[in-house]
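So that you can see what the record holds, here are the features copied from Swiss-Prot:
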- Cys20, Cys88, Cys91, Cys94: [4Fe-4S] cluster 1 binding site (BINDING)
- Cys209, Cys264, Cys481, Cys485: [4Fe-4S] cluster 2 binding site (BINDING)
- 444-465: region 'Disordered' (REGION)
- 454-465: compositional bias 'Low complexity' (COMPBIAS)
- 492-511: region 'Disordered' (REGION)
Amino acid sequence: MSAILSADDLNDFISPGVACIKPVTQPKSELNPQHVDSSSTISETGEVEIQIDSQGNPLEISQIDTKINKADPSSTALTPAQISLADCLACSGCITSAEEVLVAQHSHHELLKAMEESSLASGTEKVFVASISQQLRASLAMAYDMSIEEMDKLLINLFVNQMGFQYVVGTSLGRKLSLINESQGMIHRKEEGKTIGENLKNPVLSSICPGWVLYAEKTHPYVLPYISTVKSAQQITGCLLKNLTAYERGIGKSKVYHLTIMPCFDKKLESARPELFANHDGADNVPDVDCVLTARELVTLIDESLGKYQLVPKVIPQTLLRKDIAEVYKSAAPTNWPFVQYSWSNDPGSSSGGYAYTYLRLFQEQLITTQNYRPEDFSMKVLQGKNTDVYEMRLLHNGNQVASSAIVNGFRNIQNLVRKLKPGNNNNKVGGLAIKVNPLVARRRARMSKSEDSSGASASSMAPAEIADPSKVDYVEIMACPQGCINGGGQIAAPAPTSTPPAAPAPAHAATSTTDVKIAVVLNKDWVSEVLMKYNSVPMFDLSLHPEEIAGFIQWSQEFEKEFDVSEQRLFKTHFNEIEKPTDATAIMVGSKW
(Lines of atoms letter the chains of each structure in order from A and count residues from 1; the text may use other names and numbers.)
(Lines give C-alpha, C1' and ligand atoms only; values in the text may rest on other atoms or scores of the structure.)
Protein backbone atom coordinates (compact mmCIF):
# COMPACT_ATOMS: atom_id res chain seq x y z
CA MET A 1 0.00 0.00 0.00
CA SER A 2 1.11 3.58 -0.48
CA ALA A 3 2.64 5.77 2.20
CA ILE A 4 -0.47 7.93 2.11
CA LEU A 5 -2.89 5.16 3.07
CA SER A 6 -1.99 2.05 5.02
CA ALA A 7 -3.73 -0.58 7.08
CA ASP A 8 -1.97 0.79 10.16
CA ASP A 9 -4.26 3.82 9.97
CA LEU A 10 -7.37 1.69 10.31
CA ASN A 11 -8.93 0.15 13.39
CA ASP A 12 -11.90 -1.36 11.58
CA PHE A 13 -10.29 -2.99 8.58
CA ILE A 14 -11.33 -5.80 6.24
CA SER A 15 -8.48 -7.18 4.14
CA PRO A 16 -8.80 -6.86 0.35
CA GLY A 17 -8.92 -9.80 -2.00
CA VAL A 18 -5.70 -11.68 -2.66
CA ALA A 19 -6.08 -11.60 -6.45
CA CYS A 20 -7.80 -9.24 -8.86
CA ILE A 21 -10.35 -11.32 -10.77
CA LYS A 22 -10.68 -9.00 -13.78
CA PRO A 23 -9.82 -11.04 -16.91
CA VAL A 24 -6.73 -9.97 -18.81
CA THR A 25 -7.46 -9.84 -22.55
CA GLN A 26 -5.46 -8.71 -25.54
CA PRO A 27 -7.56 -6.37 -27.73
CA LYS A 28 -7.72 -7.41 -31.39
CA SER A 29 -6.58 -3.98 -32.51
CA GLU A 30 -3.29 -4.51 -30.73
CA LEU A 31 -2.48 -7.81 -32.49
CA ASN A 32 -0.06 -8.01 -35.39
CA PRO A 33 -2.08 -6.97 -38.49
CA GLN A 34 -0.63 -9.71 -40.70
CA HIS A 35 -2.20 -12.32 -38.43
CA VAL A 36 -5.48 -10.58 -37.76
CA ASP A 37 -6.46 -10.92 -41.42
CA SER A 38 -5.30 -14.51 -41.85
CA SER A 39 -7.86 -17.17 -42.66
CA SER A 40 -7.58 -18.98 -39.35
CA THR A 41 -6.62 -16.11 -36.99
CA ILE A 42 -4.66 -18.78 -35.16
CA SER A 43 -2.54 -16.14 -33.44
CA GLU A 44 -5.60 -15.25 -31.37
CA THR A 45 -6.65 -18.74 -30.32
CA GLY A 46 -3.74 -21.03 -31.17
CA GLU A 47 -0.89 -22.26 -29.01
CA VAL A 48 1.28 -19.37 -27.86
CA GLU A 49 4.30 -18.82 -25.68
CA ILE A 50 5.31 -15.72 -23.72
CA GLN A 51 8.94 -14.66 -24.08
CA ILE A 52 10.98 -11.62 -23.06
CA ASP A 53 13.01 -9.88 -25.76
CA SER A 54 16.44 -8.31 -25.38
CA GLN A 55 14.87 -5.02 -24.31
CA GLY A 56 12.88 -6.66 -21.53
CA ASN A 57 9.54 -6.38 -23.33
CA PRO A 58 7.01 -9.24 -23.18
CA LEU A 59 6.18 -10.91 -26.52
CA GLU A 60 3.51 -13.43 -27.50
CA ILE A 61 5.11 -16.07 -29.76
CA SER A 62 2.76 -18.12 -31.95
CA GLN A 63 3.77 -21.80 -31.97
CA ILE A 64 1.10 -22.79 -34.48
CA ASP A 65 3.03 -21.15 -37.34
CA THR A 66 5.96 -23.51 -36.96
CA LYS A 67 3.78 -26.61 -36.53
CA ILE A 68 1.38 -26.09 -39.46
CA ASN A 69 2.94 -23.59 -41.85
CA LYS A 70 6.57 -24.55 -41.13
CA ALA A 71 7.27 -20.83 -41.02
CA ASP A 72 9.18 -18.70 -38.58
CA PRO A 73 7.11 -18.04 -35.46
CA SER A 74 5.34 -14.70 -35.42
CA SER A 75 5.48 -12.41 -32.42
CA THR A 76 3.13 -9.82 -31.00
CA ALA A 77 4.10 -7.18 -28.47
CA LEU A 78 2.01 -7.36 -25.32
CA THR A 79 0.84 -4.23 -23.58
CA PRO A 80 0.70 -4.00 -19.77
CA ALA A 81 -2.63 -4.95 -18.24
CA GLN A 82 -4.45 -1.94 -16.83
CA ILE A 83 -7.22 -1.73 -14.27
CA SER A 84 -9.50 1.29 -14.17
CA LEU A 85 -11.77 2.57 -11.44
CA ALA A 86 -14.71 1.36 -13.51
CA ASP A 87 -13.20 -2.14 -13.38
CA CYS A 88 -13.08 -1.94 -9.59
CA LEU A 89 -16.76 -1.03 -9.52
CA ALA A 90 -17.59 -4.19 -11.47
CA CYS A 91 -15.22 -6.58 -9.69
CA SER A 92 -15.79 -8.65 -6.58
CA GLY A 93 -12.11 -9.41 -6.05
CA CYS A 94 -11.63 -6.78 -3.33
CA ILE A 95 -13.93 -5.63 -0.57
CA THR A 96 -14.00 -2.05 -1.89
CA SER A 97 -11.19 -1.37 -4.33
CA ALA A 98 -7.54 -1.77 -5.14
CA GLU A 99 -5.86 1.11 -3.34
CA GLU A 100 -3.10 1.32 -5.92
CA VAL A 101 -5.70 2.01 -8.62
CA LEU A 102 -7.26 4.77 -6.54
CA VAL A 103 -3.95 6.51 -5.98
CA ALA A 104 -2.75 6.02 -9.56
CA GLN A 105 -5.83 7.36 -11.35
CA HIS A 106 -7.00 10.00 -8.91
CA SER A 107 -3.76 11.43 -7.55
CA HIS A 108 -2.13 14.81 -7.26
CA HIS A 109 0.25 13.69 -10.01
CA GLU A 110 -2.69 13.27 -12.38
CA LEU A 111 -3.96 16.72 -11.40
CA LEU A 112 -0.58 18.34 -12.05
CA LYS A 113 -0.31 16.45 -15.35
CA ALA A 114 -3.71 17.77 -16.45
CA MET A 115 -2.72 21.31 -15.47
CA GLU A 116 0.53 21.07 -17.41
CA GLU A 117 -1.15 19.65 -20.51
CA SER A 118 -3.75 22.40 -20.40
CA SER A 119 -1.09 25.11 -20.15
CA LEU A 120 0.69 23.73 -23.22
CA ALA A 121 -2.48 23.36 -25.27
CA SER A 122 -3.34 26.01 -27.81
CA GLY A 123 -7.00 26.89 -27.93
CA THR A 124 -8.00 23.77 -26.00
CA GLU A 125 -7.13 24.89 -22.50
CA LYS A 126 -9.28 23.57 -19.70
CA VAL A 127 -10.98 25.59 -17.00
CA PHE A 128 -10.11 24.23 -13.56
CA VAL A 129 -12.65 24.40 -10.74
CA ALA A 130 -12.67 22.93 -7.23
CA SER A 131 -15.16 21.99 -4.53
CA ILE A 132 -14.18 21.48 -0.90
CA SER A 133 -15.94 19.40 1.76
CA GLN A 134 -16.59 20.52 5.32
CA GLN A 135 -14.63 17.62 6.83
CA LEU A 136 -11.56 18.50 4.77
CA ARG A 137 -11.66 22.09 5.98
CA ALA A 138 -11.89 20.93 9.60
CA SER A 139 -8.98 18.50 9.18
CA LEU A 140 -6.67 21.13 7.69
CA ALA A 141 -7.74 23.78 10.21
CA MET A 142 -6.84 21.37 13.01
CA ALA A 143 -3.51 20.40 11.43
CA TYR A 144 -2.44 24.02 10.96
CA ASP A 145 -4.04 25.29 14.21
CA MET A 146 -6.31 27.81 12.51
CA SER A 147 -9.96 28.74 12.48
CA ILE A 148 -12.24 27.45 9.74
CA GLU A 149 -12.61 30.95 8.31
CA GLU A 150 -8.84 31.45 8.10
CA MET A 151 -8.36 28.06 6.46
CA ASP A 152 -11.10 28.78 3.92
CA LYS A 153 -9.36 31.99 2.89
CA LEU A 154 -6.03 30.19 2.53
CA LEU A 155 -7.55 27.34 0.51
CA ILE A 156 -9.20 29.76 -1.91
CA ASN A 157 -5.94 31.71 -2.14
CA LEU A 158 -4.04 28.49 -2.93
CA PHE A 159 -6.32 27.33 -5.71
CA VAL A 160 -7.21 30.66 -7.32
CA ASN A 161 -4.09 32.80 -6.91
CA GLN A 162 -1.38 30.12 -6.95
CA MET A 163 -2.71 27.16 -8.96
CA GLY A 164 -4.80 29.15 -11.44
CA PHE A 165 -8.22 27.66 -10.70
CA GLN A 166 -11.12 29.68 -12.04
CA TYR A 167 -13.64 28.90 -9.30
CA VAL A 168 -13.72 27.33 -5.83
CA VAL A 169 -16.95 26.48 -4.00
CA GLY A 170 -18.00 24.60 -0.90
CA THR A 171 -20.02 21.39 -1.19
CA SER A 172 -22.84 22.66 1.01
CA LEU A 173 -25.22 23.48 -1.86
CA GLY A 174 -24.92 19.92 -3.14
CA ARG A 175 -25.31 18.53 0.36
CA LYS A 176 -28.44 20.54 1.10
CA LEU A 177 -30.06 19.42 -2.14
CA SER A 178 -29.09 15.84 -1.25
CA LEU A 179 -30.53 16.23 2.27
CA ILE A 180 -33.79 17.66 0.92
CA ASN A 181 -34.23 14.88 -1.65
CA GLU A 182 -33.34 12.16 0.85
CA SER A 183 -35.70 13.50 3.51
CA GLN A 184 -38.58 14.13 1.13
CA GLY A 185 -38.23 10.62 -0.26
CA MET A 186 -38.38 9.20 3.26
CA ILE A 187 -41.41 11.31 4.20
CA HIS A 188 -43.22 10.26 1.01
CA ARG A 189 -42.41 6.61 1.69
CA LYS A 190 -43.69 6.85 5.25
CA GLU A 191 -46.91 8.62 4.27
CA GLU A 192 -47.51 6.31 1.31
CA GLY A 193 -46.94 3.28 3.51
CA LYS A 194 -49.61 4.47 5.91
CA THR A 195 -52.03 5.15 3.05
CA ILE A 196 -51.78 1.72 1.43
CA GLY A 197 -51.31 -0.11 4.72
CA GLU A 198 -47.84 -1.35 3.85
CA ASN A 199 -45.78 -2.74 6.72
CA LEU A 200 -42.46 -0.95 6.34
CA LYS A 201 -40.35 -3.56 8.09
CA ASN A 202 -36.92 -2.86 6.68
CA PRO A 203 -35.26 0.55 6.91
CA VAL A 204 -33.97 2.67 4.05
CA LEU A 205 -30.17 2.60 4.04
CA SER A 206 -28.16 5.65 3.01
CA SER A 207 -25.86 5.50 -0.02
CA ILE A 208 -23.65 8.50 0.74
CA CYS A 209 -20.67 6.32 1.67
CA PRO A 210 -19.20 4.59 -1.42
CA GLY A 211 -17.19 2.16 0.70
CA TRP A 212 -20.35 0.79 2.30
CA VAL A 213 -22.22 0.68 -1.02
CA LEU A 214 -19.46 -1.30 -2.73
CA TYR A 215 -19.39 -3.69 0.22
CA ALA A 216 -23.13 -4.26 -0.20
CA GLU A 217 -22.88 -4.73 -3.97
CA LYS A 218 -20.11 -7.29 -3.66
CA THR A 219 -21.01 -9.25 -0.55
CA HIS A 220 -24.63 -8.62 0.51
CA PRO A 221 -26.72 -7.91 -2.62
CA TYR A 222 -29.95 -8.72 -0.77
CA VAL A 223 -29.78 -5.29 0.90
CA LEU A 224 -29.54 -3.38 -2.41
CA PRO A 225 -33.36 -2.88 -2.64
CA TYR A 226 -33.20 -1.05 0.70
CA ILE A 227 -30.40 1.34 -0.30
CA SER A 228 -31.39 4.90 -1.20
CA THR A 229 -30.51 6.04 -4.72
CA VAL A 230 -30.07 9.72 -3.83
CA LYS A 231 -26.65 11.03 -4.86
CA SER A 232 -24.11 12.45 -2.45
CA ALA A 233 -23.07 16.08 -2.17
CA GLN A 234 -19.92 15.35 -4.18
CA GLN A 235 -21.75 14.24 -7.31
CA ILE A 236 -24.56 16.81 -7.13
CA THR A 237 -22.03 19.61 -6.65
CA GLY A 238 -20.04 18.32 -9.62
CA CYS A 239 -23.06 18.33 -11.92
CA LEU A 240 -24.01 21.87 -10.88
CA LEU A 241 -20.50 23.27 -11.02
CA LYS A 242 -19.62 21.85 -14.43
CA ASN A 243 -22.84 23.00 -16.07
CA LEU A 244 -22.77 26.50 -14.58
CA THR A 245 -19.07 26.98 -15.34
CA ALA A 246 -19.43 25.78 -18.93
CA TYR A 247 -22.37 28.12 -19.46
CA GLU A 248 -20.62 31.12 -17.95
CA ARG A 249 -17.38 30.55 -19.87
CA GLY A 250 -19.12 29.60 -23.12
CA ILE A 251 -17.39 26.24 -23.42
CA GLY A 252 -18.38 22.58 -23.42
CA LYS A 253 -18.51 20.63 -20.17
CA SER A 254 -15.62 18.47 -21.36
CA LYS A 255 -13.43 21.58 -21.10
CA VAL A 256 -14.17 21.95 -17.38
CA TYR A 257 -11.88 20.01 -15.03
CA HIS A 258 -13.47 19.50 -11.62
CA LEU A 259 -11.30 18.69 -8.62
CA THR A 260 -13.01 17.87 -5.33
CA ILE A 261 -11.31 17.52 -1.95
CA MET A 262 -12.88 14.84 0.23
CA PRO A 263 -12.15 13.08 3.54
CA CYS A 264 -12.15 9.57 2.07
CA PHE A 265 -10.25 7.61 -0.60
CA ASP A 266 -13.38 5.68 -1.61
CA LYS A 267 -14.88 8.92 -2.90
CA LYS A 268 -12.59 8.41 -5.89
CA LEU A 269 -14.57 5.29 -6.78
CA GLU A 270 -17.86 7.14 -6.44
CA SER A 271 -16.73 9.61 -9.09
CA ALA A 272 -16.12 6.72 -11.52
CA ARG A 273 -19.61 5.22 -11.21
CA PRO A 274 -21.26 5.50 -14.66
CA GLU A 275 -24.36 7.62 -15.06
CA LEU A 276 -27.54 5.65 -15.65
CA PHE A 277 -29.68 8.65 -16.56
CA ALA A 278 -27.37 10.46 -19.01
CA ASN A 279 -28.80 11.89 -22.23
CA HIS A 280 -28.90 9.44 -25.13
CA ASP A 281 -27.00 11.80 -27.44
CA GLY A 282 -23.84 11.30 -25.40
CA ALA A 283 -23.40 14.99 -24.63
CA ASP A 284 -24.05 14.33 -20.96
CA ASN A 285 -21.53 11.50 -20.55
CA VAL A 286 -18.87 13.85 -19.21
CA PRO A 287 -18.03 12.85 -15.62
CA ASP A 288 -19.16 15.27 -12.93
CA VAL A 289 -15.86 14.83 -11.05
CA ASP A 290 -12.50 14.48 -12.79
CA CYS A 291 -10.23 14.08 -9.78
CA VAL A 292 -10.72 13.40 -6.07
CA LEU A 293 -7.98 14.25 -3.58
CA THR A 294 -7.93 13.86 0.18
CA ALA A 295 -6.44 16.14 2.80
CA ARG A 296 -3.31 14.01 2.97
CA GLU A 297 -2.83 14.11 -0.79
CA LEU A 298 -3.30 17.88 -0.89
CA VAL A 299 -0.59 18.31 1.73
CA THR A 300 1.66 15.92 -0.23
CA LEU A 301 1.10 17.98 -3.40
CA ILE A 302 2.14 21.14 -1.57
CA ASP A 303 5.21 19.50 0.00
CA GLU A 304 6.39 18.07 -3.33
CA SER A 305 5.98 21.42 -5.11
CA LEU A 306 9.14 22.63 -3.30
CA GLY A 307 7.70 26.01 -2.44
CA LYS A 308 5.80 26.62 -5.67
CA TYR A 309 2.51 26.17 -3.83
CA GLN A 310 2.00 27.22 -0.21
CA LEU A 311 -1.20 26.65 1.70
CA VAL A 312 0.13 28.58 4.69
CA PRO A 313 2.75 31.10 3.51
CA LYS A 314 5.54 32.01 5.91
CA VAL A 315 4.14 35.53 5.93
CA ILE A 316 0.37 35.54 5.51
CA PRO A 317 -0.81 38.80 3.87
CA GLN A 318 -2.93 40.66 6.39
CA THR A 319 -5.06 41.99 3.56
CA LEU A 320 -6.13 38.41 2.90
CA LEU A 321 -7.05 37.71 6.51
CA ARG A 322 -8.90 41.03 6.86
CA LYS A 323 -11.19 40.33 3.92
CA ASP A 324 -14.83 39.69 4.73
CA ILE A 325 -15.37 35.95 4.41
CA ALA A 326 -18.71 36.38 2.64
CA GLU A 327 -17.01 38.46 -0.06
CA VAL A 328 -14.23 35.87 -0.38
CA TYR A 329 -16.78 33.10 -0.95
CA LYS A 330 -18.67 35.19 -3.49
CA SER A 331 -15.58 36.22 -5.47
CA ALA A 332 -14.41 32.60 -5.73
CA ALA A 333 -17.72 31.21 -7.04
CA PRO A 334 -19.19 31.45 -10.55
CA THR A 335 -21.36 34.54 -10.90
CA ASN A 336 -24.40 32.32 -11.50
CA TRP A 337 -23.72 30.13 -8.42
CA PRO A 338 -26.84 30.33 -6.20
CA PHE A 339 -27.14 30.60 -2.41
CA VAL A 340 -23.52 31.70 -2.02
CA GLN A 341 -24.23 32.61 1.61
CA TYR A 342 -25.00 28.94 2.36
CA SER A 343 -22.52 27.22 0.04
CA TRP A 344 -19.84 26.90 2.75
CA SER A 345 -22.20 26.29 5.69
CA ASN A 346 -22.63 23.16 7.80
CA ASP A 347 -25.63 21.03 8.78
CA PRO A 348 -26.69 19.79 12.22
CA GLY A 349 -26.47 16.13 13.10
CA SER A 350 -23.59 13.75 12.52
CA SER A 351 -20.20 14.65 11.08
CA SER A 352 -21.15 12.73 7.92
CA GLY A 353 -23.78 15.22 6.77
CA GLY A 354 -26.61 14.87 9.27
CA TYR A 355 -28.89 12.78 7.04
CA ALA A 356 -30.54 10.81 9.86
CA TYR A 357 -31.11 13.93 11.96
CA THR A 358 -32.40 16.08 9.08
CA TYR A 359 -34.97 13.45 8.07
CA LEU A 360 -36.52 13.51 11.56
CA ARG A 361 -36.56 17.30 11.78
CA LEU A 362 -38.09 17.76 8.33
CA PHE A 363 -40.68 15.10 9.11
CA GLN A 364 -41.53 17.00 12.28
CA GLU A 365 -41.92 20.19 10.24
CA GLN A 366 -44.16 18.29 7.81
CA LEU A 367 -46.46 17.20 10.65
CA ILE A 368 -46.60 20.72 12.06
CA THR A 369 -47.51 22.13 8.65
CA THR A 370 -50.00 19.51 7.47
CA GLN A 371 -51.45 18.12 10.71
CA ASN A 372 -51.43 21.31 12.80
CA TYR A 373 -49.24 19.69 15.45
CA ARG A 374 -47.67 22.02 17.99
CA PRO A 375 -43.84 22.26 18.04
CA GLU A 376 -43.72 22.08 21.84
CA ASP A 377 -45.32 18.61 21.78
CA PHE A 378 -42.30 17.09 20.01
CA SER A 379 -39.18 15.67 21.62
CA MET A 380 -36.16 13.65 20.52
CA LYS A 381 -35.02 10.50 22.31
CA VAL A 382 -31.54 9.09 21.71
CA LEU A 383 -30.71 5.43 22.41
CA GLN A 384 -27.10 4.31 22.53
CA GLY A 385 -26.00 1.08 20.88
CA LYS A 386 -23.45 -1.47 22.01
CA ASN A 387 -20.68 0.98 21.13
CA THR A 388 -20.34 4.68 20.40
CA ASP A 389 -20.58 4.13 16.64
CA VAL A 390 -24.20 2.99 16.84
CA TYR A 391 -27.11 5.05 18.13
CA GLU A 392 -30.78 5.53 17.40
CA MET A 393 -32.89 8.70 17.35
CA ARG A 394 -36.63 8.64 17.92
CA LEU A 395 -38.97 11.52 17.16
CA LEU A 396 -41.73 11.56 19.77
CA HIS A 397 -45.04 13.41 19.75
CA ASN A 398 -46.58 13.57 23.21
CA GLY A 399 -44.42 10.60 24.13
CA ASN A 400 -45.47 8.47 21.14
CA GLN A 401 -42.92 7.54 18.49
CA VAL A 402 -43.75 8.92 15.05
CA ALA A 403 -40.41 8.43 13.24
CA SER A 404 -36.97 7.01 13.86
CA SER A 405 -33.49 6.90 12.37
CA ALA A 406 -30.10 5.53 13.31
CA ILE A 407 -26.37 6.03 12.82
CA VAL A 408 -24.16 3.04 12.03
CA ASN A 409 -20.42 3.65 11.55
CA GLY A 410 -17.68 1.10 10.92
CA PHE A 411 -17.68 -2.21 9.07
CA ARG A 412 -18.11 -4.29 12.21
CA ASN A 413 -21.39 -2.57 12.99
CA ILE A 414 -22.42 -2.66 9.33
CA GLN A 415 -21.93 -6.43 9.28
CA ASN A 416 -24.15 -6.79 12.35
CA LEU A 417 -26.86 -4.73 10.66
CA VAL A 418 -26.86 -6.54 7.31
CA ARG A 419 -26.99 -9.91 9.06
CA LYS A 420 -30.24 -8.85 10.72
CA LEU A 421 -31.63 -7.77 7.35
CA LYS A 422 -30.79 -11.06 5.66
CA PRO A 423 -33.97 -12.82 4.50
CA GLY A 424 -34.75 -16.32 5.69
CA ASN A 425 -33.42 -16.01 9.22
CA ASN A 426 -36.06 -17.64 11.43
CA ASN A 427 -34.26 -17.95 14.75
CA ASN A 428 -35.79 -15.80 17.47
CA LYS A 429 -37.61 -13.51 15.09
CA VAL A 430 -38.36 -10.11 16.55
CA GLY A 431 -40.34 -7.69 14.42
CA GLY A 432 -39.78 -9.84 11.34
CA LEU A 433 -36.00 -9.87 11.76
CA ALA A 434 -33.84 -12.75 12.91
CA ILE A 435 -31.79 -12.17 16.03
CA LYS A 436 -29.41 -14.82 17.31
CA VAL A 437 -29.11 -14.90 21.07
CA ASN A 438 -25.75 -15.73 22.58
CA PRO A 439 -26.22 -18.73 24.95
CA LEU A 440 -23.97 -17.14 27.56
CA VAL A 441 -26.05 -13.97 27.49
CA ALA A 442 -29.25 -16.03 27.81
CA ARG A 443 -27.93 -17.86 30.89
CA ARG A 444 -26.76 -14.61 32.47
CA ARG A 445 -30.17 -13.03 31.92
CA ALA A 446 -31.82 -16.10 33.46
CA ARG A 447 -29.64 -15.82 36.57
CA MET A 448 -30.44 -12.12 36.85
CA SER A 449 -34.15 -12.88 36.56
CA LYS A 450 -33.96 -15.49 39.34
CA SER A 451 -32.02 -13.06 41.53
CA GLU A 452 -34.68 -10.40 41.00
CA ASP A 453 -37.47 -12.84 41.88
CA SER A 454 -35.75 -13.95 45.09
CA SER A 455 -35.07 -10.38 46.21
CA GLY A 456 -38.63 -9.30 45.53
CA ALA A 457 -37.58 -6.58 43.13
CA SER A 458 -40.11 -5.70 40.47
CA ALA A 459 -39.32 -6.39 36.86
CA SER A 460 -40.09 -2.82 35.90
CA SER A 461 -37.68 -1.30 38.39
CA MET A 462 -34.85 -3.58 37.27
CA ALA A 463 -35.58 -3.48 33.53
CA PRO A 464 -32.42 -2.92 31.48
CA ALA A 465 -32.10 0.25 29.46
CA GLU A 466 -33.18 0.08 25.83
CA ILE A 467 -30.43 -0.48 23.31
CA ALA A 468 -30.50 0.98 19.82
CA ASP A 469 -31.59 -1.44 17.08
CA PRO A 470 -30.90 0.12 13.66
CA SER A 471 -32.69 -2.75 11.90
CA LYS A 472 -36.07 -1.49 13.14
CA VAL A 473 -35.87 2.23 12.32
CA ASP A 474 -37.13 4.12 9.27
CA TYR A 475 -33.74 5.26 8.00
CA VAL A 476 -30.11 4.36 8.69
CA GLU A 477 -27.17 6.65 7.97
CA ILE A 478 -24.27 4.28 7.27
CA MET A 479 -20.58 5.13 7.03
CA ALA A 480 -17.73 2.64 6.62
CA CYS A 481 -15.29 4.64 8.75
CA PRO A 482 -15.57 4.44 12.55
CA GLN A 483 -16.78 7.82 13.86
CA GLY A 484 -18.02 8.71 10.39
CA CYS A 485 -16.60 10.99 7.72
CA ILE A 486 -14.73 13.18 10.20
CA ASN A 487 -12.43 10.17 10.65
CA GLY A 488 -12.14 9.38 6.94
CA GLY A 489 -9.08 7.51 5.73
CA GLY A 490 -7.79 10.55 3.84
CA GLN A 491 -7.92 12.96 6.78
CA ILE A 492 -4.78 14.31 8.46
CA ALA A 493 -3.76 11.82 11.15
CA ALA A 494 -2.75 12.67 14.70
CA PRO A 495 0.94 13.50 15.20
CA ALA A 496 3.09 10.50 16.06
CA PRO A 497 3.46 10.00 19.84
CA THR A 498 6.78 11.11 21.28
CA SER A 499 8.26 8.35 23.40
CA THR A 500 9.78 9.28 26.76
CA PRO A 501 12.60 7.28 28.39
CA PRO A 502 11.29 4.72 30.89
CA ALA A 503 12.00 5.24 34.58
CA ALA A 504 13.64 1.80 34.79
CA PRO A 505 15.08 -0.53 32.16
CA ALA A 506 12.32 -2.53 30.53
CA PRO A 507 12.49 -6.33 30.58
CA ALA A 508 13.84 -7.94 27.43
CA HIS A 509 10.45 -9.45 26.65
CA ALA A 510 8.48 -6.22 27.18
CA ALA A 511 6.15 -5.43 24.25
CA THR A 512 6.89 -1.73 23.93
CA SER A 513 5.35 -1.68 20.45
CA THR A 514 1.98 -2.62 21.95
CA THR A 515 2.27 0.28 24.38
CA ASP A 516 3.07 2.64 21.52
CA VAL A 517 0.01 1.40 19.63
CA LYS A 518 -2.23 2.03 22.64
CA ILE A 519 -0.82 5.53 23.04
CA ALA A 520 -1.37 6.18 19.33
CA VAL A 521 -4.99 5.01 19.55
CA VAL A 522 -5.67 7.33 22.50
CA LEU A 523 -3.98 10.23 20.73
CA ASN A 524 -5.96 9.58 17.56
CA LYS A 525 -9.28 9.53 19.45
CA ASP A 526 -8.41 12.84 21.10
CA TRP A 527 -7.29 14.22 17.74
CA VAL A 528 -10.53 13.21 16.01
CA SER A 529 -12.51 14.80 18.85
CA GLU A 530 -10.64 18.06 18.29
CA VAL A 531 -11.24 17.85 14.53
CA LEU A 532 -14.93 17.30 15.27
CA MET A 533 -14.95 20.51 17.32
CA LYS A 534 -13.47 22.33 14.33
CA TYR A 535 -16.13 20.78 12.11
CA ASN A 536 -18.90 21.94 14.43
CA SER A 537 -17.48 25.47 14.36
CA VAL A 538 -18.45 25.74 10.68
CA PRO A 539 -21.54 28.03 10.68
CA MET A 540 -24.67 25.88 10.79
CA PHE A 541 -27.70 26.24 8.57
CA ASP A 542 -30.55 24.04 9.83
CA LEU A 543 -32.93 23.34 6.96
CA SER A 544 -35.77 22.50 9.36
CA LEU A 545 -35.67 26.06 10.73
CA HIS A 546 -35.94 27.60 7.26
CA PRO A 547 -38.83 25.96 5.34
CA GLU A 548 -39.01 28.94 3.00
CA GLU A 549 -35.39 28.34 1.97
CA ILE A 550 -36.17 24.68 1.28
CA ALA A 551 -38.80 25.83 -1.20
CA GLY A 552 -36.18 28.13 -2.73
CA PHE A 553 -33.68 25.29 -3.14
CA ILE A 554 -36.30 23.11 -4.81
CA GLN A 555 -37.48 25.86 -7.15
CA TRP A 556 -33.93 26.73 -8.19
CA SER A 557 -33.02 23.08 -8.88
CA GLN A 558 -36.12 22.69 -11.06
CA GLU A 559 -35.20 25.81 -13.03
CA PHE A 560 -31.65 24.48 -13.40
CA GLU A 561 -32.98 21.19 -14.81
CA LYS A 562 -35.06 23.00 -17.42
CA GLU A 563 -32.39 25.50 -18.46
CA PHE A 564 -29.61 22.95 -18.84
CA ASP A 565 -31.76 20.04 -20.05
CA VAL A 566 -30.73 17.92 -17.07
CA SER A 567 -33.32 15.47 -15.81
CA GLU A 568 -34.12 15.17 -12.13
CA GLN A 569 -32.83 11.59 -12.22
CA ARG A 570 -29.54 12.71 -13.79
CA LEU A 571 -29.01 15.37 -11.14
CA PHE A 572 -30.11 13.49 -8.03
CA LYS A 573 -30.24 9.74 -8.66
CA THR A 574 -27.65 7.00 -8.92
CA HIS A 575 -27.89 3.21 -9.23
CA PHE A 576 -26.39 0.05 -7.77
CA ASN A 577 -25.87 -3.44 -9.13
CA GLU A 578 -25.04 -6.82 -7.69
CA ILE A 579 -21.46 -7.73 -8.50
CA GLU A 580 -21.35 -11.32 -9.69
CA LYS A 581 -18.99 -13.67 -7.95
CA PRO A 582 -16.04 -15.04 -9.96
CA THR A 583 -16.44 -18.37 -11.72
CA ASP A 584 -12.77 -18.83 -12.50
CA ALA A 585 -11.42 -21.61 -10.28
CA THR A 586 -8.09 -19.89 -9.70
CA ALA A 587 -9.71 -16.63 -8.62
CA ILE A 588 -12.03 -18.48 -6.27
CA MET A 589 -9.14 -20.47 -4.80
CA VAL A 590 -6.92 -17.47 -4.02
CA GLY A 591 -9.66 -14.92 -3.36
CA SER A 592 -10.94 -13.84 0.02
CA LYS A 593 -14.32 -14.37 1.58
CA TRP A 594 -16.00 -11.91 3.91
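Cβ atoms here come from the backbone N, Cα and C positions, even for glycine.
Since we're looking at a predicted model, the values are computed, not measured.
Within 8 Å of the centroid defined by the CB atoms of Cys209, Cys264, Cys481, Cys485, the record's [4Fe-4S] cluster 2 site, lie the Cβ atoms of Gly211, Pro263, Asp266, Lys267, Ser352, Met479, Ala480, Gly484, Asn487, Gly488, Gly489, excluding the listed residues themselves. Cβ neighbour count for Cys209 ([4Fe-4S] cluster 2 binding site): 27 (other Cβ atoms within 10 Å of its Cβ, all protein chains included). Sequence-distant contacts of Cys264 ([4Fe-4S] cluster 2 binding site), defined by Cβ-Cβ distance under 8 angstroms and a gap of at least six in the same chain, are Cys209, Pro210, Gly211, Thr294, Cys481, Cys485, Gly488, Gly489, Gly490. Following the DSSP three-state reduction, the secondary structure of Cys485 ([4Fe-4S] cluster 2 binding site) is helix.
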